[in-house]
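Asks: What follows is a single structure, and I will ask about it in a moment.
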Amino acid sequence: MARKLVRLLALLFAVSICGAVTIPGPVSDAHRSAASELFDGSFSSLEDAYEALRVFEILAIGNKLDVSAATCQKVVEILGSSSPVKDLFYALKVNGILKCKVNGDVFKDIASRLKANVNDASTLVDMYYSIGSLVLIKDQASDVDVLLADADGTFHSIKALSQSDGRWRYSSDNPESSTYAAGLALEALAGVISLASSEIDQSRHLANILCPFLSILALLSVIQYLISAPCCQVNTVKNDILKLFDSIEKYDDGTFYFDEKFVGGLEHQGSLSTTSSVVRGVTAFAAVTSGKINLPGDKILGLAKFFLGIGIPGDAKEFFNQVESISIPLIVSLPATVYSLSKKDQLKVRVNTVLGSAAPPLTVKLVRAFHADAKDSAIIESKELQYDKKNGIHILEVFPDNLDVGTYVFVFEIVLDESAGEEVYATGGQIHVPIFVTGTIKVSKAEIAVLDSDLGSVENQKKLDLAGNDVVSFSANHLQKLRFSFQLTTPHGHAFNPHQALFKLRHETKREHIFVVGNTGNKFEIILVKYDIELTVGDAVMENSFLWPLGHVDLDLPEAPEKAARLPPLPVDPYSRYGPKAEITHLFRAPEKRPPQKFSLTFLSLTLLPFIGFLVGLLRLGVNLKNFPSSAVPATYAILFHLGIAAILFLYVLFWLKLDLFTTLKTVGFLGAFLMFVGHRILSHLASTSSKLKSA
């Protein structure tokens, strides 16, 4: 089954040139982080549980979602009861992942009930869930008989709901057709084929072989009915798939998607869910049928670009549809980037599966490369990229000498090696990729001259070294012309024409005059009758785009006539009017001349002599500490009072050395309040002690 599957839609590759940022890439760790946030383990139904478990299984997140016990209990309850067929379907889906312990007799009872539902079903949705549940039982309980007695009749009943454009109706009573229903129908038909008896299966394969010959020879209608009826039904469905792909929607960048056109009766499906339904249906049908469905490679590539290009959906249902669809095999080849000739970059192409696993053996070929403006002239033809096994990338080591700076289109092709197996991979054909080749542009032969207006003779000329930031000064009058010219060459010595080359003159009143520099052969030249000098040159492939001031020119212009048109006043910039003003710089008086340092230190020493004399006087007078309080509380206040006075003296020293006036005043205020409190306490104690002594 897997081998047949890849014959239609092979393993999804994300091919990206290293460094590209504009191309949808493979599934990354960002998807895994988003899955952990969207599916937190609390599920309202088994449908939500299955979607979460399936996403974690595809992204190989591991056992981070541990809901086995509670979910398995719910699975067993639903399988053992007479629940709706939709609940049975998702219970079996969850059981296929968690492998819950379900009694074998339960599967038998469910199978008999589902067979009856298939025979009595009147809508496509009922048949989809019933047939899908039988297929799941077949995979989970091989000893249970799930084969359909009338598989051809069931196949025909579902096929009868198809429309001429490849879409399907939900029931025979509803005339509206749906693209989303087409995906459900294809999955249901695939289930019918897998549930058919071996005899019918064999006749189908025989009919598939004989069908083309029977159609060509137009044999008897009886023989065609007996032998080729199953064949023609399967082939008709394949034709319906091709018709369905004919109505596919397309964006300008080559992205393809399916959109739901059925809006009545059921809930409208978005583009993501509709496209996912069709892809699942086509893949399931291709997996159980022989032969090949010839789907266009560009549409397969476009579908892959659609799934990868939508980013990370914020809704759990859409996230599931995206992840399950990109896990379905599709080929996408999306290289694009920018390369520098000056840095001698190598063309690097990485090929890996959408989930990050290794790709089968293959070869990446650069079929041809041409300039974007010369599609018929190939710069590179038939180059095979070398494979670097160590880094797992395909490399074009050296660009040819005829590849200069510019915009090119590279045409890639992926060729699978024979060792990849017998499977036929859809590689998306040739991939056209825009490539930008950049380089350092050389500026030379720059000169500026003043010309005579009538004769055109050079009156004053100077050569410029633009790389050296030369600044020139000219004087001219209104009867002369100013000419400025320079030459640009690419790394390979070819003349280069940039996207823009601007020559700016700015007057002292801030008025600006901008002129476009024209290309005259191999030189860029501009001639002005009047005004001033700045050069701007830039291009997307020019690595050294620049804006250089060149100097100024003083123009001796006559007074304008009285009635001549005047230039409009300069617009007032609101930012300059209401924005922050320029910083005001004050010019302070020069400091006075100070005496020598030794003289200052000597004077400082002399100022300390009175303090020393004060201390000596205290000692001579016999100062003592007899009145110092002996009790703990008064002694504490006395010590704090003296420390406060010392702190104020120290603050004066700090003010002299480093503190400003405001800081000093704030600190003095705090210390003053402190001194008032402790001073009042100690003085009250001394007064009380003195009064007691007098009274005694």
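Glycine is treated like the rest: Cβ placed from N, Cα and C.
Pasting the relevant annotations from TrEMBL:
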DOMAIN    28-327  domain 'Ribophorin II N-terminal'
DOMAIN    330-437  domain 'Ribophorin II second'
DOMAIN    445-555  domain 'Ribophorin II third'
DOMAIN    588-688  domain 'Ribophorin II C-terminal'
SIGNAL    1-20  signal peptide
TRANSMEM  599-623  transmembrane segment
TRANSMEM  635-655  transmembrane segment
TRANSMEM  661-683  transmembrane segment
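Give me the lay of the land around each of these features.
Replies: The average pLDDT for the domain 'Ribophorin II C-terminal' (588-688) in the predicted structure is 87.
Long-range contacts of the transmembrane segment (661-683) within the same chain: residues 629, 634, 637-638, 640-641, 644-645, 647-648, 651, 654-655, each at least 6 residues beyond the stretch ends and with a Cβ under 8 Å from a Cβ of the stretch.
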Asks: How many of the residues that make up the domain 'Ribophorin II C-terminal' (588-688) does DSSP mark as helix, as strand and as coil?
Replies: 79 helix, 0 strand, 22 coil
